[in-house]
Amino acid sequence: YLAAADSAMARTVALQSPCISYLVAFIEQAEQTALGVANQHGINYLRENPDSMGTSLDMLRRAAGTLLHLAKHPDNRSLFMQQEQRLLGLVMSHILDQQVALIISRVLYQVSRGTGPIHSVEFRLLQQRQQQQLRPASAEKQAASAGGSAPVKAEAASTETSSTEAKPAPAATTAVVNDENSNSSQQLPPAATFNDVSNSSTNSNSCGTVSSNQTNXXXXNSSHSSSAISSQSAITVTAPSAPATGATSAXXXAITSDQQQVSKVAAAAAAAAALSNASAAAAAAAAAAAASVGPPTSSSVSAGAAVAQPAAPPPTNAGTTTAV
């Protein structure tokens, strides 16, 4: 009965070495006893007194059923290979009960199927129960993993949005720094020309005029550069003050166009300053050339007159000459 209720128990029972051979021997012993009673007292006496064969029909049917349940397990079929001839002899017996012979024939059928992948009904039911028990556990694990991954995905999305929102401001600042650097680089040539002009005009009489012109030009350049830088700084202050979250492609294009216009204005101012410095340098050079070609100075004239005049004779005393 235990073997019939559970396929695992059937496997355990079948692994006992004398189990199958003992059950087959029990049925064979009953069949031999029944054959002796039939030969001695006749078949009718055996039918009227089935207990005369040493056991009851119920016990024989129970033993045959146990063999059938053991044979249904795929792993036990190899254990019945040695008992096939004995089982076939019981099936072909004309004395044994027909129901017992039918059960044994089913045992032979299960053994003939071999050790294939086909499992018994009990084994399939056990597998279904195990799968049903594993499914809720796997569903709970998947739900827990999904619940744990959802906040991580939300945090990753928030960090991505914050990084994209914070990116436009550094671009504007770098553009402003580049523009300021370009303006400062454009303002360098006037200072260099000022140094050259001041060095060339140190030995001329027009040094004061040139220096005053250069100081005026330097003041004009500084005012232009300060105005350009102030306008640039105003633009850079107003541009980043806008909220980075609302910046769109149109606003970025407007900021870049304004920066280009400011850079163009600064370049024009620097070019005008360079032209004014060049004109001042040309005027200083012309004044120096005129001074070198013109008449000599008063100091040189007085020196020449002193050299040309001869030495005057010493004064004489009128009284002395008359006395002599």
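FYI, residue positions are counted from 1 along the chain as it appears here.
Glycine is no exception: its Cβ is also placed from the backbone N, Cα and C atoms.
Given the ranges 21-58, 287-324, the record in Swiss-Prot names 287-324 as region 'Disordered'.
Per-residue pLDDT, averaged across the domain 'EHD' (1-126), gives 81.
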